[in-house]
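Quick one: the structure is below, and I'll ask about it shortly.
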Amino acid sequence: MSTGELLNIEPLELKFPFELKKQISCSLQLSNKTDSYVAFKVKTTNPKKYCVRPNTGVVTPRSTCDVIVTMQAQKEAPADMQCKDKFLLQSVKTVDGTSPKDITADMFNKEAGHVVEECKLRVLYVSPPQPPSPVPEGSEEGSSPRGSVSENGNANGSDFTQAARGFTERPESQDRSAEARALISRLTEEKNNAIQQNSKLCQELELLKREGNKSRGGVSFVIVVLIGLLGIIMGYLMKTT
């Protein structure tokens, strides 16, 4: 923490958990130690690489202000994870009621007679936090997933046996699940084929019914015609006799 006369600055090192192709942010907290309004301005040696919000502002008496520094996504990692970038935070007392819109560059000009307090900030790259390792099934919370070690420094043989058994059982369960999926797929295909065959049989049965109705209608018509001809012949024979 910086203990200047105007502002307390926390932290003095900007630590970025470096990851390629990922935008990373960290924050600064500025605390006004005075009973006056304090204007501040943040500068950097690499303005294209960082975005500071707000880069200028006013901290009211005995209050705090948060500044967010965002590093743009990087395509390459620096050598040895070292960063030479630096920041400079300037602060100066100003009149009461000053707003961020009232801040000008001349307020931080020492040659103009202004008392400007400056604080340099370093940039550090740190390793990103690692995700917690999954706890194996059957292990109690807080216990180590590794095999236990006896007093003489040798690993417990039963733990290795259980571990080997677990590795051998996993492929069997995977094979069983694969067989079950194959059986379900085959039964589903057979069901669909049966439905299609049933539909086809229904269509053929309906067609046979229609053809049967037509054939019965044709036979009855022929019988009527034959009976009519037979009647005509009988009538003619009766006349001739």
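From the backbone N, Cα and C atoms, a Cβ is placed for every residue, glycine too.
Bear in mind that TrEMBL entries carry predicted annotations, made automatically and left uncurated.
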Can you check which of 37-71, 177-211 TrEMBL lists as coiled coil?
177-211
Go ahead and report the DSSP secondary structure tallies for the domain 'MSP' (6-126): helix first, then strand, then coil.
13 helix, 63 strand, 45 coil
